[in-house]
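Taken verbatim from TrEMBL:
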- A:41-160: domain 'Acyl-CoA dehydrogenase/oxidase N-terminal' (DOMAIN)
- A:165-273: domain 'Acyl-CoA oxidase/dehydrogenase middle' (DOMAIN)
- A:284-452: domain 'Acyl-CoA dehydrogenase/oxidase C-terminal' (DOMAIN)
- A:471-591: domain 'Acetyl-CoA dehydrogenase-like C-terminal' (DOMAIN)
There are 2 protein chains.
Amino acid sequence: MPQYTPPLRDMQFVLHEMLQVADVFQAMPRHADVDVDTINAVLEEAGKFAAQVVAPLNPVGDREGCKLDKETHEVRTPSGFKAAYQQFVEGGWGALSCDPEHGGQGLPIVLNQCLYEMLNSASQAWTMYPGLSHGAYECLHAHGTEEQKALYLPKLTSGEWSGTMCLTEPHCGTDLGLLRTKAEPQPDGSYRLTGQKIFISAGEHDLAENIVHLVLARLPDAPPGSKGISLFVVPKFLPQADSSLGARNGIFCSALEHKMGIHGNATCQIVLEGAHATLVGEPNQGLQAMFVMMNAARLGVGMQSLGLTEVAYQNAVAYAKDRLQMRALSGPKAPDKPADPIIVHPDVRRMLLTARAYAEGGRALAMYSALLLDQAHASEDEDERNEAAELLALLTPIVKAFLTDNGWIATSECLGVFGGHGYIAEWGMEQFVRDARINMIYEGTNTIQALDLLGRKVLGDNGARLKLFGAKVREFVEEEGVNEAMQEFVNPLADLGDKVTKLTTELGFKAFQNRDEVGAAAVDYLRVCGHLVFAYLFAKQARIALDKQEQDAFYRAKLATIRFYFAKLLPETAMLIRRARSGAQPLMAMDEALF
Amino acid sequence: MPQYTPPLRDMQFVLHEMLQVADVFQAMPRHADVDVDTINAVLEEAGKFAAQVVAPLNPVGDREGCKLDKETHEVRTPSGFKAAYQQFVEGGWGALSCDPEHGGQGLPIVLNQCLYEMLNSASQAWTMYPGLSHGAYECLHAHGTEEQKALYLPKLTSGEWSGTMCLTEPHCGTDLGLLRTKAEPQPDGSYRLTGQKIFISAGEHDLAENIVHLVLARLPDAPPGSKGISLFVVPKFLPQADSSLGARNGIFCSALEHKMGIHGNATCQIVLEGAHATLVGEPNQGLQAMFVMMNAARLGVGMQSLGLTEVAYQNAVAYAKDRLQMRALSGPKAPDKPADPIIVHPDVRRMLLTARAYAEGGRALAMYSALLLDQAHASEDEDERNEAAELLALLTPIVKAFLTDNGWIATSECLGVFGGHGYIAEWGMEQFVRDARINMIYEGTNTIQALDLLGRKVLGDNGARLKLFGAKVREFVEEEGVNEAMQEFVNPLADLGDKVTKLTTELGFKAFQNRDEVGAAAVDYLRVCGHLVFAYLFAKQARIALDKQEQDAFYRAKLATIRFYFAKLLPETAMLIRRARSGAQPLMAMDEALF
């Protein structure tokens with residue numbers, strides 16, 4: 001069975017040394033008392049919960065999967081899932097960064113993200129149950145009426161009730177404008193919903209006493225397309241004013257999907273049969289309201305792959321130190337043993353360091369983004385709030401797509417470290433790969449993320465957000481321009497920054513003539529931007545590690561990882577930029593009939 | 001359920017137009033009567049068998065898997081596997097390229113490879129049963145005594161008996177020098193084998209009446225390491241002189257592995273309990289004898305991923321033409337429908353064309369290699385035989401590793417075309433991805449292939465084999481140097497050829513000082529060479545297609561695919577060369593303890 005040790009040291013490095021979060025929190029009235037010790041204590045307890053309570057469930061969930069009782073429409077989750085969820089609720093983990101007004105602990109979001117990285121390393125399938133609740137919480141917190149908030153938020157905060165997002169239908173996923181679920185207004189101001197939804201994660205289960213579905217549907221007089229979609233809250237059991245459970249609502253799980261991975265999470269087909277619902281936000285403004293939830297969820301999907309990357313790395317390292325096979329090409333390293341441990345082989349190290357660099361770079365980016373979210377919510381300074389929100393809008397598709405593509409690469413490389421044993425279920429490595437694949441798809445495929453980045457976030461505002469980030473890169477490059485020891489990091493960073501600027505301008509011109517140029521370049525462009533952000537954050541980390549490398553082996557390992565990144569992973573940009581510049585013609589030339 | 005149409009048109013293009021195999025066969029007495037019509041008739045019948053008989057079994061095999069009866073040590077294969085195998089034997093498909101002396105049809109190997117591409121598209125898990133028999137056939141054909149040949153080859157040729165390769169043990173896979181299975185000589189000249197083997201594909205099953213295991217083991221007086229390994233043949237039932245079955249031998253399946261994919265194939269733990277065996281070849285020369293089988297198997301693994309790439313592509317195209325979602329960025333393409341088919345989107349085309357280019361390039365390389373094998377076996381000219389063998393030695397690790405890495409990329413991209421539906425088992429796409437992963441591992445991991453290429457095949461003979469291939473590239477470049485229409489293909493080919501020469505020289509110098517430089521660069525180097533070979537073969541194909549593009553849409557599609565390859569896939573070499581040149585230091589700098 002895979003092992004997991006929470007990476008507390010690297011989290012602390014990112015939070016305290018790179019981001020200096022305690023100083024940032026001091027300037028926020030809401031978080032002024034969140035100091036280093038509080039943060040470390042929370043991380044330590046969260047790590048224990050993830051490693052001791054959740055991690056042992058991951059192979060069980062994969063093996064057993066979920067079971068639907070077709071008579072009762074109830075879903076049984078794998079052995080142990082319910083007990084662990086109970087402990088999660090009792091420990092108050094669901095309430096960590098929720099609003100104290102509704103029973104939350106009011107801690108910064110960046111801490112919640114650390115919790116979720118660790119939970120996802122332990123078990124992505126289990127973690128999706130509380131994770132989706134948190135999305136429903138955020139959506140109702142932002143757009144719910146006072147009555148809806150009073151009715152749902154305390155229970156979603158505690159985790160006694162869980163939440164879902166019901167968007168996809170059989171004929172539409174990416175293109176929600178096509179959706180057909182109908183909402184009929186009732187005389188009492190409520191609605192009746194009828195239709196079918198698919199791919200509803202955690203759509204039915206036995207962990208919580210009630211499930212709060214947030215459902216997109218169409219009002220009778222709604223305009224066609226995406227401008228005619230409204231958002232509703234549809235509880236499994238209708239709550240009474242005192243929060244006790246009333247009648248069973250007409251929303252049912254009709255089938256479970258058989259999937260490549262995340263077997264422990266119930267992916268449900270949901271039918272709505274005149275289900276009682278109340279409107280969230282304004283009529284026909286459902287997509288905008290849902291986007292609050294979706295942006296949070298996109299960061300959350302990034303955390304899923306970060307968690308998988310970290311745990312796959314840890315297990316591959318343990319195997320590579322233990323497994324004896326062949327001698328090092330440069331001569332025996334363990335002459336007393338029948339062969340050398342495979343970690344002596346350069347290509348095994350390439351696989352390991354790929355995962356390590358993607359984990360450490362991903363953690364830096366995810367926590368940087370989460371801190372921006374804290375600043376956007378809780379800073380006293382309006383300019384700071386706005387700048388943080390703009391930067392976060394730019395980074396969100398990168399967190400989602402870059403971290404999940406990297407997670408796919410990293411988990412597969414870590415499987416490879418095990419040779420044939422990696423392909424065997426009992427080692428657990430192949431589960432990480434299977435689980436990782438969905439993260440590139442849901443909450444907007446990575447192609448959609450790339451179109452969001454290049455089309456909307458970059459070209460859509462004439463590069464203003466990108467310039468905001470570019471200014472940070474330039475500032476850092478200028479600061480370190482005279483520091484000899486930093487040249488190995490600052491030079492490629494500055495070079496890549498210039499190339500991104502040039503590429504963006506080129507793509508802007510081409511897109512002006514042919515919008516297909518955006519679609520042709522977007523995926524490569526997003527990965528180039530991902531590397532720019534990683535190079536920037538790694539260069540900042542290197543600055544700190546260079547000063548402290550004599551003190552502590554942690555900093556020497558950090559520098560070795562960063563040097564590996566610049567030597568072996570950053571060169572991907574040479575390919576990506578060429579591909580992005582080669583344009584739409586090689587993609588569009590073939591007649592559809594000839595495929 | 002996935003669909004499959006044999007790609008006969010492209011096979012015929014490769015065989016008849018690019019390779020002109022019928023002309024090549026005319027010069028070989030053994031194959032002089034194999035003309036275009038014969039080839040096409042065989043391909044057509046083979047395609048029917050694969051598509052109609054085997055393909056429907058693939059999802060069944062994945063769902064049901066194999067079952068071991070622990071009492072009898074017998075394995076039950078999935079429903080339908082046995083009946084299809086019976087049809088395979090009755091159709092004489094196993095005998096296609098076997099020696100007529102032992103009941104074979106004596107057709108060229110390149111035709112057998114076409115058969116196997118199609119069988120693997122239909123079901124890799126099923127195809128491994130006859131595929132491994134063919135490896136055992138080749139090994140005994142090359143190294144068996146006359147008695148062994150008489151006893152085993154006719155039954156292996158017909159497929160009434162099947163074969164295995166028993167190499168791996170729990171503590172050794174790549175490093176066979178560590179193996180422990182013991183062979184004790186008996187007074188009658190036979191041996192008794194005792195030990196444990198793992199990962200034995202098709203190691204036990206109910207398809208054939210007998211199973212012929214080829215087993216590596218160690219004689220009592222054997223020197224340690226890889227120089228003390230001998231090869232034995234160990235039948236499940238001891239055959240009588242009249243080929244009837246005698247006593248059950250002491251070789252048993254003790255457990256089946258639970259794997260990421262290829263569920264329909266039984267991956268067995270095998271115990272040998274004083275099993276009766278006869279020696280194949282010379283004592284302590286077992287690895288060399290096994291390598292005959294392994295080289296054939298490596299080409300065979302390439303065919304597995306080629307088959308998966310092709311079938312994944314076909315299904316992704318069908319979905320992309322059918323699924324309506326969003327409008328083209330450049331304006332509606334199907335205004336009469338609620339949305340455009342997703343094949344209008346540039347990034348969907350990127351995914352499709354990636355798989356298509358990898359399938360067509362892989363087919364060209366695999367058939368080119370198979371024809372070299374025919375030439376090495378059957379040419380009358382000794383120089384031609386030798387040159388073909390040298391080129392094939394160079395290309396074998398490329399076929400194995402480049403095609404299987406590409407298959408992993410391509411099947412995952414094709415899954416991506418389906419969005420969330422790609423992750424659901426019923427569409428069959430996720431099975432292709434899971435099946436594809438093993439191909440990068442078995443028969444020598446792709447890292448081992450890369451070390452074989454760079455360390456042994458290229459640097460090991462001071463680049464002589466590489467120069468042989470380089471001369472072919474240069475000859476083509478010179479021939480086409482004045483052809484204006486060919487410049488778009490010839491220029492990048494010539495450029496890449498120069499870069500490979502330069503990179504090889506550099507790596508040779510570095511390896512001279514530090515052997516770890518070979519291990520650090522090998523994997524990137526192999527992919528660069530893979531692209532060089534693809535660029536060469538695609539340029540040759542473009543030469544033909546340019547002349548015929550007005551006649552037939554097939555050639556226009558071919559050119560569009562080749563142009564996509566040069567624009568979007570070949571640029572990977574820019575990354576690979578940088579990484580290869582960045583050397584061993586970034587990999588070796590981190591202390592083992594710091595991982």
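Backbone N, Cα and C define each Cβ position, glycine as well.
A TrEMBL annotation is a machine prediction, not a hand-curated record.
Confidence across the domain 'Acetyl-CoA dehydrogenase-like C-terminal' (A:471-591), taken as the mean pLDDT and rounded to a whole number, stands at 97. Helix, strand and coil content of the domain 'Acyl-CoA oxidase/dehydrogenase middle' (A:165-273), in residues and according to DSSP, is 7 helix, 56 strand, 46 coil. DSSP labels the residues of the domain 'Acetyl-CoA dehydrogenase-like C-terminal' (A:471-591) in these numbers: 104 helix, 0 strand, 17 coil.
For the domain 'Acyl-CoA dehydrogenase/oxidase N-terminal' (A:41-160), DSSP puts the residue distribution at 85 helix, 6 strand, 29 coil.
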